[in-house]
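Encoded as structure tokens, the structure appears first; notes follow it.
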Amino acid sequence: MTTTKIKTQWACSECGSYSPKWLGQCPGCFQWNTLVEEIHSSKLKTSSYPLSSTTPVPLNTVKFQEEIRISTRSKGWNRLLGGGTVCGSLTLLGGEPGIGKSTLLLQISSQFAEQGYKVLYVCGEESVSQTSLRAQRLQISSSNIFLFPETNLEDIKQQISDLAPDILIIDSIQIIFSPSLSSAPGSVAQVRETTAELMHIAKQKQITTFIIGHVTKSGEIAGPRILEHLVDTVLYFEGNAHTNYRMIRSVKNRFGPTNELLILSMQTDGLHEVENPSGFFLQEKVVETTGSTIIPIVEGSETLLVEVQALVSSSPFSNPVRKTSGFDPNRFSLLLAVLEKRANVKLYTSDVFLSIAGGLKITQPSADLGAVLSVVSSLYNRYLPKNYTYTGEIGLGGEIRHVTHIEHRIKESIIMGFKGIVMPSGQIKGLPKEYLDQIDIIGVKTIKDAVRLLQ
């Protein structure tokens, strides 16, 4: 009589790498306390995927076929995905619990259903009545949306075969399990295998699939890193529970540009696209105040204006405080060091706080100039030129370096009615004459030149 040998392995919940024994730190991604136990059978496992019968073909003989895309009423959603949702694609939507992922996909499902597409919504985390109540609140009622409260992957595959949907939504991948695996739902093996199975179904049957995934405390999608490599598109749902706006950012897209940004407003009847993001973020700006600048930032094909606020106060302690919100703290420390060294602005006895108004997170270096001038304005309690925007990267030598998409930043400043823009002097030459006629452009070469703008 033969017995099946059981083998224990430890898998990292962050990157999916394996270790034969428990380790405090993952050898793959170097994260701490991420290894979880998994039990594997030595019994030979056969793949459930059919063997491929295709043969290699020369590259120059392949005929290009344009992807078939499904458009919705939301222009922002279509832009986010590169011109519409590609048929047969697999999209991963990640976000914190309660931020509105299910609400968003239910609204998108309604727009698909309006066009006659059949939608299978697998609501594994909620009952049919709970999902139906949400649909009523969103004023959604369609005979083309089918709710299926199931977590067993085999039952889901059977319903896909019977119903033949055009759109499949999995809410959420962390609760779906395959009975062929002994590990618990949400484990590394379950998330990896169920996603791979769904990807195969999406490609084989040309079913457009959306998967909801929860994020960890660090803001990354929970589960192995390979999850993001398997799917075609990765969208991050960002926002704050204390504000009524949400942002969706595309960090991966095989069928379109990345780093696209969609800003939504959460209201009682669901999520609504914000058509004027710059006006949305500047609507609460105080007209006359020190320590405040407006900077133009570019997110994908979208340009928007946001406010940078700084507060500098004397510190009673030997180690002054440096705090940021929405701005890279390491980058901020570097900018303060350059400010002291190259512009002789003394901050070693002051607490310095910097915030991006509205809760946005900015990583692009074009925000350097606005951040530094906000700090200096607050320190000296002096005003900067009124109705100007500021853009420029600051180097370690104190020089103001070029930024990308400068024409887009100038154009957005003109549209929003600003009087002028402060920018790197080296980029003024070559600008279209129409911009020079519509807005006052001030060029700065160094950080010292920028500080002299203070009244």
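Note: Cβ is positioned from N, Cα and C throughout, glycine not excepted.
Secondary structure counts, DSSP: the zinc finger (12-29) has 0 helix, 4 strand, 14 coil. Annotation comment: Swiss-Prot describes 12-29 as zinc finger, evidence class sequence analysis.
The ATP binding site annotation in Swiss-Prot covers Gly95, Glu96, Pro97, Gly98, Ile99, Gly100, Lys101, Ser102. In three-state terms derived from DSSP, Lys101 (ATP binding site) belongs to a helical segment.
In the predicted model, the motif 'RadA KNRFG motif' (252-256) has a mean pLDDT of 91. Residues or ranges marked as motif 'RadA KNRFG motif' by Swiss-Prot on the basis of sequence analysis: 252-256.
What Swiss-Prot lists as region 'Lon-protease-like' is 351-455, and the listing cites sequence analysis.
Between the binding-site residues Glu96, Pro97, Gly98, Ile99, Ser102, Ser102 has the most other Cβ atoms inside 10 Å of its own Cβ, all protein chains included.
Distant neighbours of the motif 'RadA KNRFG motif' (252-256): 67, 81-83, 86, 89, 228, 231-234; these residues of the same chain sit at least 6 beyond its ends, with a Cβ under 8 Å from one of its Cβ atoms.
For the motif 'RadA KNRFG motif' (252-256), the number of residues in each DSSP class (helix H, G, I; strand E, B; coil) is 0 helix, 2 strand, 3 coil. Per-site Cβ counts within 10 Å over the binding-site residues Gly95, Gly100 peak at Gly95. The ATP site is defined by Gly95, Glu96, Pro97, Gly98, Ile99, Gly100, Lys101, Ser102, and by the 8 Å test on Cβ atoms against their centroid, the other residues of the chain that qualify are Phe237.
The number of other Cβ atoms within 10 Å of the Cβ belonging to Lys101 (ATP binding site), over all protein chains shown, comes to 23.
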